[in-house]
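Peer 1: Submitted below is the structure of interest, expressed as structure tokens.
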Amino acid sequence: MGPFTKLVSTMSLILGTTITITSNHWTLAWTGLEINTLAIIPLISKSHHPRAIEATTKYFLTQAAASTLLLFSSMMNAWSTGQWDISQLTYPPSCLLLTTAIAIKLGLAPFHFWFPEVLQGSSLTTALLLSTLMKLPPTTILLLSSHSLNPTLLTTMSILSIALGGWMGLNQTQTRKILAFSSISHLGWMTMIIIYNPKLTLLTFYTYTLMTTSIFLMLNTTNTLKLSTLLTSWTKTPMLNTTLMMALLSLAGLPPLTGFLPKWLIIQELTKQEMTATATAIALLSLLGLFFYLRLAYCSTITLPPNPSNKMKQWSIKKLTNTLTPSITSLSILLLPLSPMILTTT
């Protein structure tokens, strides 16, 4: 991909995201989502590999269907109430259609099937964008209209996403697919609390973005696409792999790491809302995710196979010259002591 094409795609991504998160009108929000979809497509298909082309086609079809549902939902609401404001969504069929559209765009269960396949067909950098930046506009729309949505439906989809994200990630050997199911599980946590405490949803999204970005950057440094490559990367970059283990445990939500903060606060908020059974269920279901995070951590640091794999250029890796990776990684591991300050700002 040429530098000009990459620049246009990046600027379009920033523009589409900005339009959606700052708009109150349904048409503007829909326009921003469409700009985002069209901007990410060249980045997914840039390798011209058949798997990348397949991922691009799947992504385009699912996003087009979700955008159509979102536009149809807003038109139905405008037809019945005369309002195009995002926060004035009061027509029940429109609320149901919007929930479906946003669930498809985010990859929430049971509309998650496209997400792992698209991530598997993308490069690590594009997979990072799909897991973090591309989730922000739909999350913003969900946040603005959360007071109008059905709590039972959102809770059901959240529990299903957390269970499925943990269950389906157990048998994976590709790092991108594991992180895709991790994303589905974390989106379940965000959707669970969005009606009761929208600011906590944003905090969860920010910490998830921080931790996922650090993991993708470290995997990209060692070019790790599957577990068998991760097994032999310890001998090349021992310090980086140790940090990767800590970041994975943080993503799993273990104390005293950063990832424990949002899960702790969500369970606390659900208990305040007298949803103790739901809080217990999602806490137990998160143990499924903990298993494959521990497996990744085990592969990255503890396992040292006697025979390295026969791969070309096994010892040539990218030199860690940027300061972004250490900074983001430090934040993704060490933010828990600052939780009182974070809570006062949110």
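Glycine is no exception: its Cβ is also placed from the backbone N, Cα and C atoms.
What TrEMBL shows for this protein is this:
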type	residues	note
DOMAIN	23-288	domain 'NADH:quinone oxidoreductase/Mrp antiporter transmembrane'
DOMAIN	290-343	domain 'NADH dehydrogenase subunit 2 C-terminal'
TRANSMEM	59-79	transmembrane segment
TRANSMEM	91-115	transmembrane segment
TRANSMEM	152-171	transmembrane segment
TRANSMEM	178-196	transmembrane segment
TRANSMEM	202-219	transmembrane segment
TRANSMEM	239-257	transmembrane segment
TRANSMEM	277-299	transmembrane segment
TRANSMEM	320-343	transmembrane segment
Peer 1: Is the transmembrane segment (178-196) packed against any residues at least 6 beyond its ends, judged by a Cβ distance under 8 Å, and which are they?
Peer 2: 106-109, 112, 115-116, 119-120, 127, 131, 135, 139, 142-143, 146-147, 149, 151, 154-155, 157-162, 164-166, 168-169, 172, 204-205, 208, 212, 215-216, 251, 262-263, 266, 269-270, 273, 278, 282, 286, 289, 292-293, 296
Peer 1: What else in the chain is close to the transmembrane segment (152-171), if you only count residues 6 or more beyond its ends and a Cβ gap under 8 Å?
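Peer 2: Non-local partners: 96, 99, 103, 108-110, 112, 116, 177-178, 181-189, 191-192, 194-195, 275, 278, 281-282, 285-289, 291-292.
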Peer 1: Could you tell me whether the transmembrane segment (59-79) and the transmembrane segment (320-343) are in contact, taking contact to mean 3+ Cβ pairs under 8 Å with a sequence separation of 6 or more?
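Peer 2: As far as Cβ distances go (cut-off 8 Å, pairs 6 or more apart), the transmembrane segment (320-343) and the transmembrane segment (59-79) do not touch.
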Peer 1: Near the transmembrane segment (239-257), which same-chain residues lie under 8 Å Cβ to Cβ, leaving out any that are not at least 6 residues past its ends?
Peer 2: 182, 208, 211-212, 214-215, 218-219, 221-222, 233, 263-264, 286, 289-290, 293-294, 296-297, 300-301, 320, 329, 332-334, 336-337
